[in-house]
Amino acid sequence: MGIPADNLQSRAKASFDTRVAAAELALNRGVVPSFANGEELLYRNPDPDNTDPSFIASFTKGLPHDDNGAIIDPDDFLAFVRAINSGDEKEIADLTLGPARDPETGLPIWRSDLANSLELEVRGWENSSAGLTFDLEGPDAQSIAMPPAPVLTSPELVAEIAELYLMALGREIEFSEFDSPKNAEYIQFAIDQLNGLEWFNTPAKLGDPPAEIRRRRGEVTVGNLFRGILPGSEVGPYLSQYIIVGSKQIGSATVGNKTLVSPNAADEFDGEIAYGSITISQRVRIATPGRDFMTDLKVFLDVQDAADFRGFESYEPGARLIRTIRDLATWVHFDALYEAYLNACLILLANGVPFDPNLPFQQEDKLDNQDVFVNFGSAHVLSLVTEVATRALKAVRYQKFNIHRRLRPEATGGLISVNKIAPQKGESIFPEVDLAVEELGDILEKAEISNRKQNIADGDPDPDPSFLLPMAFAEGSPFHPSYGSGHAVVAGACVTILKAFFDSGIEIDQVFEVDKDEDKLVKSSFKGTLTVAGELNKLADNIAIGRNMAGVHYFSDQFESLLLGEQVAIGILEEQSLTYGENFFFNLPKFDGTTIQI
């Protein structure tokens, strides 16, 4: 029997009304205005005959720079801003990108022998107009905001860049060995240096901006060094269970009162995740230990001028479970957008972690007479955990390109290095980072030793002093501004979906860490309690901070972007809730420690 036409028309009208209701819900959220920190026009060229803005605190990667790392022509940056705000393809194509070209070969003229010998080409800015795109679900990319980023002269920025230098100097440290005697000297040095900074040793004051207060971290200890501050991130082992463990495989099941285990079923905790009838390994390629990049000034300047060094890194044979800071930096170099959260979802599903009891049809089938799949089941959460990712990216691209345009940490390291060397020439070239140079004294001396060793290994027998931030990636940062972080905003959105669907309060019965000697998991000595929500929060922090460990983001980039991604996911859940006929709610523990119902 067919469906009567009047019923079809009624259904079409109800569908239309639901879409309108979702649009009205999005509209009624309002718009939060975005404000930058004012640095773009604050800093000026020191030459009294040319007091144009220097744009030294802005993202200028790709534009031509002088020998100190400042852009040569401020008009290039102004044209860049106009083009990205218009989104016009021709305007963007007409921008100045990279250095002058050789009239005979047509190749860019680089400063370093390395870039010239490789005949490198330039790389272009990445999706600079993505924040201008409209979407059909969730908050509009321009309707939510991030607070102003810390300024170059602030104690917070000094603390952020100090932390990045220390992470870079400790890339071979194993996460399970932070408290090992063999690492005691480095770990204690890092703790002492951070605790000696105003940002870590001075409490927030009445009148401080709320965003600054929530980012402020207290005393640094072995237990919280380089960790995030989301609920659960400081509990238990550094690495989230969901980035190291595997899952139950097909061939392992309980039928009636019998547990059937195939003799060929992979061990649940060997780092192999069931992806249907195939498996995904949690193991990562092993980047060459001790190999850092952009430690030479000429190479650094070439990268700022758009030299495309992507793919120039090197690896050892094989792969292993994440063990070191460098391993985590490598993981976040090549991950496939929502990879970590899809993997976590597969682990949760395969290991039988229950959905939130407030969702429909969570009783036994004999009581509900139906099981979940398309709605409120595996198909639903597997789709939605990936669906939110690009919506979150569009929101953060708007903040990156159209609002804040914050310089990347590598560029801050460039300013610091030039200024650290400048007194030898009797001048301060970038007084805006004088505080950082002073406060990071001992850290910079260790960075110089590390950079010298790297530059000698790269073929320079007598390298000039270099206080640059050692980078884990040959190409340095991605080709878009620093604030906020794409990895972090996706982490915030995807983890929010997982916490909304699964029973987040469930305790994890067995805790694992990566063995310090062999490529295997071992039971952790941690005696406390880990929960699903805490380990999902920790997963988000691990991925976001992994980018900091590579040298491409600051702590504030990561933290504020996690919160932005959470907003995107909540908006999508609110709108999709209008489409269901069942009476239910999502119970969501938020990143600020509160719980809401959607």
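Positions of Cβ are set from backbone N, Cα and C atoms, glycine also.
Feature annotations, reproduced from Swiss-Prot:
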ACT_SITE  HIS480  active site
ACT_SITE  HIS487  active site
BINDING   PHE361, GLN363, ASP365, ASP368, GLN370  Ca(2+) binding site
BINDING   LYS400, ARG408, SER485, GLY486, HIS487, ARG547, HIS553  vanadate binding site
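Annotated features, which come from Swiss-Prot, shown on the structure.
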residue : record                : Cβ contacts under 8 Å, 6 or more apart
PHE361  : Ca(2+) binding site   : ASP368, GLN370, ASP371, VAL372, PHE376
LYS400  : vanadate binding site : PHE59, GLY131, ARG406, HIS480, PRO481, SER482, TYR483, GLY484
ARG408  : vanadate binding site : PHE59, LYS61, GLY476, SER477, PRO481, SER482, VAL552, HIS553
SER485  : vanadate binding site : VAL396, ALA544, ARG547, HIS553, ASP557, GLN558, SER561
GLY486  : vanadate binding site : LEU393, VAL396, ARG397, PRO478, HIS480, SER561
HIS487  : active site           : VAL332, ASP335, ILE543, ALA544, GLY546, ARG547, HIS553, GLN558, SER561
TODO: Please state whether DSSP places GLY486 (vanadate binding site) in a helix, a strand or coil.
DONE: helix
Task: GLN370 (Ca(2+) binding site): secondary structure state under DSSP, collapsed to three categories - done: coil
Task: For HIS553 (vanadate binding site), the number of other Cβ atoms found within 10 Å of its own Cβ - done: 30
TODO: Using DSSP with the three-state reduction, classify HIS553 (vanadate binding site) as helix, strand or coil.
DONE: coil
TODO: Let me know the largest Cα to Cα distance in Å among the vanadate-binding residues LYS400, ARG408, SER485, GLY486, HIS487, ARG547, HIS553, as an integer.
DONE: 16
- [ ] Which residue among the recorded positions HIS480, ARG547 has the fewest other Cβ atoms within 10 Å of its Cβ, if you could check?
- [x] HIS480
Task: Shell list (vanadate; ref centroid = CB of LYS400, ARG408, SER485, GLY486, HIS487, ARG547, HIS553; cutoff 8 A) - done: SER477, PRO478, SER482, GLY484, ALA488, VAL552, ASP557, GLN558, SER561
